[in-house]
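Chemist: Just passing along the structure, written as structure tokens.
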2 protein chains.
Amino acid sequence: MTELQLPTGFRAAALAAGIKPSGRTDLSTVASDADCTWAFAGTRSTTAAACVTRNRDLYGEGGPVRALLVNAGNANAATGTRGAADNADMADALGSVLNVPQDGVLTASTGIIGHLLPMDRVLSGIEHLPEDLGGGADLFAQAIMTTDTRPKTASVTLSTGARIVGTAKGSGMIHPDMATMFAFAFTDAQVDQQALRDAFPAIVARTFNAVTVDGDTSTNDMALVLANGQAGPVPLDEFLEALEGVMRNLARQIAADGEGATKLLTVRVSGARSEAEALNAARTCCVSPLLKSAVHGNDPNWGRVIMAVGRSGAAVKVEAMKVSVQGHPVFAGRPLPYDDATVSQSMKVEEVVFEIDLGVGEATGEAWGCDLSAEYVSINADYTT
Amino acid sequence: MTELQLPTGFRAAALAAGIKPSGRTDLSTVASDADCTWAFAGTRSTTAAACVTRNRDLYGEGGPVRALLVNAGNANAATGTRGAADNADMADALGSVLNVPQDGVLTASTGIIGHLLPMDRVLSGIEHLPEDLGGGADLFAQAIMTTDTRPKTASVTLSTGARIVGTAKGSGMIHPDMATMFAFAFTDAQVDQQALRDAFPAIVARTFNAVTVDGDTSTNDMALVLANGQAGPVPLDEFLEALEGVMRNLARQIAADGEGATKLLTVRVSGARSEAEALNAARTCCVSPLLKSAVHGNDPNWGRVIMAVGRSGAAVKVEAMKVSVQGHPVFAGRPLPYDDATVSQSMKVEEVVFEIDLGVGEATGEAWGCDLSAEYVSINADYTT
């Protein structure tokens, strides 16, 4: 496989600092040769981690950034004032070795909650990061993984030759609320800071906030776009559409690689009163343990779709509602006759699609999840000890 | 075991009408010799079943009731206008054989969603119900079960000699929103209709709405109290406190008998800004698949408590927050040292208790759930087929 290069002017480095017990790479950075405009979305959790809080503060200040520093294996969340100081020290250390201001370094930590970072190893690792600063996206995508079974990248080349390269990680504790844990996109396109920031929330709502694995919103979720302008300007509409494509691709990869997942669950809602209600109904289906279990068992138990839509609170006219499973109509205001064995057989594939018409409006929305397997329980019954 | 008698003037009957494939009892009634005042809470689901909708309409009309008719094995939800007519026909049929008005018969259906009731069997069963109308609470509690592994009853005798007998069912699709699927309490105390209705929502919020098994709100959830006055008046405060005790007892039984559960999970929140936020934070912990998996594995992974509280949106001051597991303090603004093996050992019991102080106010709240086991998945991967 050819190594996926980062856009012009971005360079990655990764090493094993000894944060993950497995000895895999766990400390990484993507640095830019030039100042970047950027957009950010962080978790709405009221117990957000130090990295999210600090990035949000920097976002409010509005200055340019030059580098992103990520550690995996430790979330540095619920670690008190010491944890916040450690987070700032990490950024400071990378800023020093890269010769950029501390405020130009964003941070992201992922892994177990409630443990202090092994700062001696982290700081020693940061010292060595610049030595290898010529890596591409794959190296970086690998180093940010925790329970992921595979790295997640997506890229697109725009009409002007500018590129967008996205990376993401996440497998459990996935029910992002304003971003996911983590999605990072890098582009050499020149993009206006304010235009990017204005467009970003809606893109996140339709991509990362439409993904769920287990309904558990993380303390460390974040989505970031860094644009260093090295490839010059590009029409804004084209850029935003391409960015949404990259983010949608990554969002689907996260769902498909959910903890214990054997298949991707896609729910498309139409006929909703608003896009927000369509997305909410679709995502509530994707988070339902009952529907997820049925998908795991290839059981076309569409009654659980009716339940999940009802639970979502989205406006619906049940008598005008329609549901199909893998293209087979099963409900249209009343139960429709269908062959159980045929529909069940059609679910034995890598992606199972439910289509739901709420019968009250014109808005649509799509969300992604995965099936629920016994493997999910065994992965999570024994993570710390 | 002695049969649990219903309060004076209430009589139960149950039989196997052939709705459940297992051949177990699935059609039952509790009838009162005298008119009852009553209070009701039904699911907030926007796809609520016919029984919930009809009961809600009757509740709005405010007349007295005489009987409750329940079928298990079929939820009669998402069954269209035919399903609504079937539901009314059931009530009408029982009214005829008991010689009470149709509007004096409440209905409750539970089981699979999206299948029409086998009305020939249901109506034939209703014809035979009065023949056995002398049964107690156990008979009734047994007949309303679906995936429950045991019947759930609770009772109390008041100072005046009046009694409250409660029954409940529910094991999966348990995340009630204004009631659970199902909780029925019967009392021979004489209780003012308006006083009962005024007090009921808050009691439901602290009991059934504080229970969760899987986060999935049912289409058929309901809680009902019927008071026939046969034992005369009782001080209102005493009655309401006793009623809440019965409902709390039943709520805990539902959580402990959650699908695939091996233990009860109790989360007590203090220091919250409001009771609603305390209950929300507690219940969000109980619904978290990650925390539930950790409890299953006896893993004191309290970081998932921090995550769940943050996800709930409840106001919290992390630096003043405290968490304990089975009485062992593990977090107080920062991670505390503790012996992993000791705390893990203390979790190998039937009830695991987390106590959380949010550090921002005086309000408290308690919620109940259960652990998540591989058994939950196998129960639900193959329910219809």
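Glycine is treated like the rest: Cβ placed from N, Cα and C.
Straight from TrEMBL, here's the annotation block:
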ACT_SITE  B:T180  active site, nucleophile
BINDING   B:T146, B:K169, B:T180, B:E259, B:N380, B:T385  substrate binding site
Chemist: When each of the binding-site residues B:T146, B:E259, B:N380 is checked against chain A, which show a C-beta distance below 8 angstroms?
Modeler: B:N380
Chemist: Using other CB atoms within 10 angstroms as the count, which residue among the binding-site residues B:T146, B:K169, B:E259 scores least?
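Modeler: Output over binding-site residues B:T146, B:K169, B:E259: least Cβ neighbours within 10 Å is B:T146.
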Chemist: Any idea what DSSP makes of B:K169 (substrate binding site), helix, strand or coil?
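Modeler: The three-state answer is coil.
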Chemist: So if I draw a 10 Å sphere around the Cβ of B:N380 (substrate binding site), how many other Cβ atoms end up inside it?
Modeler: 27
